[in-house]
Amino acid sequence: MITAGGTGAVDTAVFVLAAGDVIRNIATNILWTNGILDCLPHQCSLRRVSSPNGETRGQIIQKPRYSVLDGLLGPYWKAVGLAFNCTFLLFGSVIQLIACASNIYYINDRLDKRTWTYIFGACCATTVFIPSFHNYRIWSFLGLAMTTYTAWYLTIAAFLHGQAEGVTHSGPTKLVLYFTGATNILYTFGGHAVTVEIMHAMWKPRKFKSIYLMATLYVFTLTLPSASAVYWAFGDRLLNHSNAFSLLPKTRFRDAAVILMLIHQFITFGFACTPLYFVWEKAIGMHHTKSICLRAIVRLPVVVPIWFLAIIFPFFGPINSAVGALLVSFTVYIIPALAHMLTYRTASARRNAAEKPPFFLPSWSGVYVINAFVVVWVLVLGFGFGGWASMTNFIRQIDTFGLFAKCYQCKSPIPPPPTPATGNHHRR
């Protein structure tokens, strides 16, 4: 199920600029909140499921995240979780659509990116016919292979290309660049925003924690080498090229990577949209309709706004940063950590916890310290400074390219050679 967060292998712009302590802290936060997201559904199960003899052990209810928050903390938390998660998935789908147009342009530039967005919007709209996450199981494995090829293509191609002439690696020279890089990392590794929904699709959800841990570590092997290699080769040029494909020479290997990423992004679009389909169906009372065609028609009002937003804001790269700062920070880090703290705030809740603290934290005090650190650190640096930096950059893109940009960050057309002046020449 790695495809949920695989696009970071391509979106390498500014990625490594905020390296060092930021990457280490975010990686730690990811692994920690991943464990939290796994144990909360278990705790919800123990509170809601009871057999006639009173035994509740070993039973798991597979529920969407907002239902878990409702079962543990009440309807207000459900509303907050639902709002953030749906907004994140909405813009996550927008990003995948923008990425499709951005990538295919480097195979066929006879059409501008906005036209490609029209085309791929229609293609991605076919996901309305896919009933549930269970139907994506084989596609997730294919997406893994596609992302792996693309990531290692970027790594190898960058080393074979070598460092560009006059390449510079100035790092973040301004606070805006530093926090833009940090929020790109938040977005890249924030793919476990739909983990509860993915767990819902597993036949054996008890294995989710170990499987997702291995998946997260594997994602590190894809994103970090490719981003580091491309930054080594092209340096600060990535600041103005949000798509690394634009800097690599056109070869059949690059075209293969682009095509595989297009398929992968179609799969990821479906992953991100499916929870939105479910929420919309339940809101209008059509979730249990058996007719696939009727459900597809009902789901179209979800796809059309995504299509429209991708055309309005085609800023691949800056929009990733904004989503990472304003939405991923809450959906993936702050809300799970706060929910965990409030769920186990009483002594009785801790005694009856579905999962005890990990072996390296024998006391609940240590768990609370880590949760508090995640909340404060992400709130201040991710949402606060990161939100300021990402919105500053986003507004700058609007001022530079305008809304409904026809071809964002496309190469400038080569002006025609000047025609020789013609006229009568008079002799003296």
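Placement of Cβ uses the backbone N, Cα and C atoms for every residue, glycine included.
Here TrEMBL flags 70-380 as domain 'Amino acid transporter transmembrane'. The transmembrane segment feature in TrEMBL is assigned to 82-104, 116-134, 141-163, 175-199, 211-234, 256-280, 292-316, 322-344, 365-388.
Contact count against the transmembrane segment (322-344) (Cβ pairs under 8 Å) is highest for 365-388, out of 116-134, 256-280, 365-388. Of the candidate ranges 82-104, 116-134, 211-234, 365-388, 82-104 has the most C-beta pairs within less than 8 angstroms of the transmembrane segment (256-280). Residues of the same chain lying 6 or more positions beyond the ends of the transmembrane segment (292-316) and with a Cβ under 8 Å from any Cβ of it are 11, 90-91, 93-95, 97-99, 101-102, 113-114, 117-118, 121, 124-125, 127-129, 131, 242-243, 273, 276-277, 280-281, 284, 286, 394, 397-398, 401, 403-405, 408-409.
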